[in-house]
Amino acid sequence: MDISVLILLGLFSLLILFALLGNLLVVAAIFYDRPLRRQPENLFLVSLAISDLLVSILVMVFAAANDLMGEWTFGPAYCQFWICFDITCSTASILNLCAISLDRYWHISRPMVYVRYCSRRRIYYCIVVVWFLSALIGAAPLAFGVGLKSENSMEHCEMDLPLPYAIGSSTLSFFAPAAVMVLLYTKLYLYARRHVRSIKTQLHQLRMSRWEKVSRHLPGARRASTHVTTETSPTQNHHQRTTVNDQKARLTLGVIMGTFLFCWVPFFILNILRSAVQWKVPKEIIMAVTWLGYANSALNPVIYSIFNRDFRRAFKKILFDLFVCCHGGDATMCKSANRLGVDCTAERRRSTRSSEAVENNNMCGGPATRMALMNNNEHSSSNNLGTPERHSQMM
């Protein structure tokens, strides 16, 4: 086998595996972690993860087989359905990103209106609309009889898209949602910038008012300056925190829009150019821009989840529970320890420092964990009460 094929096989496999596991982890975190499950806006992330999961399973696997073997071996009928799946799932992923930007804009810019009107039921309606539009765009080639290319029909699975459909589908699937996202995230950044500036103005006014109050009671300017410095140090710390948060928000918005545009702009521009000028594009360029768009499905879990503290905490819990189960630990004891507020991971690290602790604590946790569980069992048996409900710790 050619070395280039082996390299492509490795890259495709890693991308598919990363997209599959990352989006599965997002869905599991939302349904596993109670604080995340209680936030209605996370339903958009579930919908986004499901669309990216379908891209990795129904689209990327067959695209990898087609590109690696150099021909389509799954029949002409499934070729049409595969292209419809590709259009539907990719469009659903992009429209879900647009819905997330709308949700975040209303949540930050108009929080009172958001709390009043944005219910779980309305979010379900929005998700249904996203998937309905995606299915409508994806099924259009079959509905209007856009078939396979007549020449070498089974050499590659491609559809001869007419220019009106290429422009219309690209506009609805990408250009219009991208314009909405750029507009909303720009307004969010400007809103955050004005908010930070207003905080700086209020802090400056607070410092000046304190200077005036202190200067009235203290005769010396040096003495007054000392008191102003000591009293305004908390506000200076707050000023530093707001500056850091502003930079973090700027970085997050830049990563979100930069990744999205970098992954999808080349594909949709090439999609229109191929239909407009009948350009014979080299196979390598088509493969590169197509997989660049697929890569967005693998990057979405990282961008929209790992940057969030709640998701990082939920990921740690899920991965640790899987680690305990795979290594023969007592997952029930570990969960009970977490309910009591005992850090199972820290206890395991302490217990592994000595061989005796490892032998005595082969289950999750150290002596503190077992003592806490024993005390809890004694308390529950004496009072006939269940285990206290787990409280989430926000990181």
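Note that Cβ sites are derived from N, Cα and C of the backbone, with glycine treated the same way.
TrEMBL entries are annotated by machine, without manual review.
TrEMBL lists 6-31 (among others) with the feature transmembrane segment.
Under the heading domain 'G-protein coupled receptors family 1 profile', TrEMBL lists 22-304. When pLDDT values are averaged over the domain 'G-protein coupled receptors family 1 profile' (22-304), the model yields 81.
Among the features that TrEMBL reports, transmembrane segment is placed at 43-65 (among others). Counting same-chain residues at least six beyond the ends of the transmembrane segment (43-65), those with a Cβ under 8 angstroms from any Cβ of the stretch are 9, 12-13, 15-16, 19-20, 23-24, 26-27, 30, 73-74, 82, 85-86, 89-90, 92-93, 96-97, 99-100, 103, 120, 123-124, 126-127, 130-131, 134, 290-291, 294, 297-298, 300-301, 304-305.
Feature annotation from TrEMBL assigns transmembrane segment to 80-102 (among others).
Tertiary neighbourhood of the transmembrane segment (123-145): same-chain residues 40-41, 43-44, 47, 51, 80, 83-89, 91-92, 95-96, 99, 103, 159, 161, 165, 169, 172-173, selected by CB-CB distance under 8 Å and a gap of 6+ residues from either end. Annotation comment: TrEMBL describes 123-145 (among others) as transmembrane segment.
Same-chain residues lying 6 or more positions outside the transmembrane segment (165-190) and placing a CB less than 8 Å from one of its CB atoms are 87, 90-91, 94-95, 97-98, 101-102, 104-105, 108-109, 133, 137, 140-141, 144, 146, 249-250, 253, 256-257, 260-261, 264-265, 268, 271-272, 274-276. Feature annotation from TrEMBL assigns transmembrane segment to 165-190 (among others).
Only residues 6 or more beyond the boundaries of the transmembrane segment (251-273), in the same chain, are considered here, and those with a CB under 8 A from a CB of the stretch are 94, 97, 161, 163, 166-167, 170, 173-175, 178, 181-182, 185, 188-189, 279, 281, 285-286, 289-290, 292-293, 295-296, 299, 303-304, 307. Residues annotated as transmembrane segment in TrEMBL: 251-273 (among others).
The annotation transmembrane segment is assigned in TrEMBL to 285-307 (among others). Long-range contacts of the transmembrane segment (285-307) within its own chain (CB-CB distance under 8 A, at least 6 residues past either end) are made by residues 12, 15, 18-19, 22-23, 25-26, 29, 45, 48-49, 51-52, 55-56, 59-60, 63, 67, 90, 93, 97, 100, 252, 255-256, 259-260, 262-264, 266-267, 270, 315.
Residues or ranges marked as region 'Disordered' in TrEMBL: 376-395.
Among the features that TrEMBL reports, compositional bias 'Polar residues' is placed at 376-386.
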